[in-house]
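Over in TrEMBL, the protein carries these features:
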type     : residues : note
TRANSMEM : 59-75    : transmembrane segment
TRANSMEM : 87-106   : transmembrane segment
TRANSMEM : 126-148  : transmembrane segment
TRANSMEM : 160-180  : transmembrane segment
TRANSMEM : 192-213  : transmembrane segment
TRANSMEM : 259-280  : transmembrane segment
TRANSMEM : 301-326  : transmembrane segment
TRANSMEM : 338-364  : transmembrane segment
TRANSMEM : 385-406  : transmembrane segment
TRANSMEM : 418-440  : transmembrane segment
TRANSMEM : 526-544  : transmembrane segment
TRANSMEM : 564-581  : transmembrane segment
Amino acid sequence: MTPTMVEHSGLDIMCLNKYCHSSSSSSSSEHDKKIFTKLKLSLSGDYPRKNAEILSGQYGTNLLLIGAALMLAIAHHDPSVKEEHLLSFATCLMILQLIWMMWYILVQDRQKSTRTEKDVHATTCWIRGGLTLLALLSLIMDAFRIGYYVGYQSCVSAVLGVYPVIHASHTVAQVHFLWFHIKDVIKSFETFERFGVIHAVFTNLLLWCNGVMSEAEHFLNNHKRRLSALGYENLTIEHSEPDCNCTTSTCSMFSSSLYYLYPFNIEYHIFVSALLFVMWKNIGRTIDLSSNRKRLVTKTQGLTLGPILGLLALASTIGILVVYITHVEESLRMRQSAISMFYIYGIVMLVVMCFAGASGLLIYRANHMPLDTSKNPSRQLDTELLFGSSIGSWFMSWCSVVAVLSTSSSPPYRWTNLIYSLLIVLEKYVQNLFIIESLYRQQENGEREDPELPAAPEIFSVTSSLAPPYNGIINRAYETPDRTCVTMENEQEESGQMYRCPRKHSEVPLPVGTKVVEPPNIKRQILKNIAVLLIMCNISLWILPAFGCRPQYDNGLEQETFGFSIWTTVLNFAIPLNLFYRMHSVASLFEVFRRV
């Protein structure tokens with residue numbers, strides 16, 4: 001017998017069957033059902049978005065793994081897998097990204113009436129300017145590739161000529177996309193756009209890996225050639241020249257110049273993939289207007305010691321690079337002196353950087369500013385990339401420590417290699433702490449805000465999602481009269497209107513037309529000098545390995561301990577990460593300089 005319920009005048013009358021529940025048990029069951037429904041909604045609310053993230057992430061990862069499989073087969077010199085297959089795969093990926101970018105730009109042009117939300121933390125003008133410079137150098141490399149193909153077109157695949165043309169078109173379109181759309185917070189066609197953005201991320205990662213592999217193979221062949229000249233045998237040097245003669249007189253110049261441009265092309269692709277990854281994380285994100293305000297610092301007074309020491313470090317780096325490259329291929333004595341000179345230079349550089357970073361941390365500890373805990377995908381990615389890219393050089397340094405302590409040979413640079421390796425670990429540890437401490441500090445009030453943003457959220461805005469949820473007239477002076485007056489006055493002055501707030505009475509009246517000059521802040525000046533010095537030092541430590549100064553190949557200690565194949569594998573993993581770490585540190589430290 002089923003229970004029945006009669007509803008009369010708002011009262012529930014339950015049947016008197018023994019199987020019927022009491023009113024109290026019924027209310028408790030309904031309460032449990034409500035809790036279960038809320039829990040189910042809270043758990044399933046993000047399911048579509050999470051599913052799109054997971055599916056697109058798996059799609060991009062598999063694209064990269066396909067390319068990695070092709071690169072490993074090419075590195076093994078399997079005759080059935082050639083470079084043309086990898087270049088064909090990369091060309092198809094770039095064409096798909098070009099189609100997606102054109103579609104996205106067309107959709108945005110058709111939706112001009114709807115204002116697109118922007119994440120001001122996604123990138124800055126100077127980062128996009130630096131990427132544009134790297135892109136121009138990549139275009140020069142593509143021109144050299146085309147010239148190289150023209151000279152050997154009778155005996156090489158047509159893919160070698162199509163690839164640089166598509167890569168140049170891809171570079172130009174991608175730079176345009178970075179300048180005008182990288183800050184967009186996508187709210188329409190979210191699932192499709194996730195796949196488009198993640199496809200762009202992993203296409204650039206694959207192009208980065210291809211550049212790293214080509215550059216590492218070229219350097220490894222040069223290293224084998226030097227070892228063969230010193231009397232080492234059983235080393236196979238791979239020759240990548242085509243089987244026919246070049247029809248022009250510039251083929252050798254093009255092929256040798258390519259490897260001087262590879263570092264810039266490598267840095268370009270890895271930085272673009274990082275920026276696109278931030279855009280991917282921003283898809284469907286609700287922007288917090290209170291934290292979506294970026295402050296700029298244009299005051300540069302007090303910058304003396306940092307730039308001077310930085311330029312001195314850069315000049316000494318150029319000298320060390322020239323001396324090392326010219327002496328490392330000479331006699332054994334000259335080779336050992338060049339390696340010793342490098343380690344002594346590196347020790348001095350790293351000691352200065354450790355001292356500068358530790359001084360900055362002490363200043364931050366003395367200044368008790370609260371931390372900024374707002375959600376910021378760009379800043380979170382910066383932190384993760386700093387730690388992730390540090391792993392390569394840390395691993396290489398600890399391998400050097402093990403080699404120095406366990407080897408039986410004692411060259412003149414043995415203990416300087418040990419000190420240098422330990423300082424590499426310490427310097428990156430201190431520098432990472434300094435950068436992260438700076439990026440997570442809340443900025444002080446009273447500084448000029450980002451000119452790309454309006455000074456305050458617009459109430460009468462076309463886009464409702466950007467307008468603050470206010471109904472009626474707002475009296476901002478009611479809650480915080482002093483602070484609001486200053487803000488409103490600045491806004492009115494920028495727009496050309498006259499507005500004056502009542503000021504507090506001062507004992508010393510200010511004459512009309514005078515400007516209040518802030519007293520110099522010694523802590524800020526020291527932090528700015530530290531940031532500039534670390535920027536120049538990181539550029540110096542990027543230049544050396546990027547252009548061939550790699551004593552880890554030439555000192556012989558690690559190779560004696562780990563063997564040739566294992567040690568070269570470690571270096572092929574660690575050196576690209578170290579190069580990316582130095583360039584990423586430059587970008588992060590410039591952001592620190594602007595925020596101080």
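Each residue, glycine too, has its Cβ placed from N, Cα and C.
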Seg_contact(the transmembrane segment (192-213), the transmembrane segment (338-364)) with at least 3 CB pairs under 8 angstroms, min sep 6: no
Leading contact stretch, 59-75, 160-180, 338-364, 385-406, 526-544 vs the transmembrane segment (301-326) - CB distance under 8 Å: 526-544
Top Cβ-contact partner of the transmembrane segment (418-440) among 59-75, 126-148, 338-364, 385-406, 526-544 (pairs under 8 Å): 338-364
Ranked first among 126-148, 259-280, 385-406, 526-544 for CB pairs under 8 angstroms with the transmembrane segment (338-364): 526-544
Folded-back contacts onto the transmembrane segment (126-148), same chain, C-beta under 8 angstroms, at least six residues removed: 160-161, 163-165, 167-168, 171-172, 174-175, 178-179, 182, 248, 250-251, 254-255, 257-258, 261-262, 264-265, 267-268, 271-272, 275, 587, 590
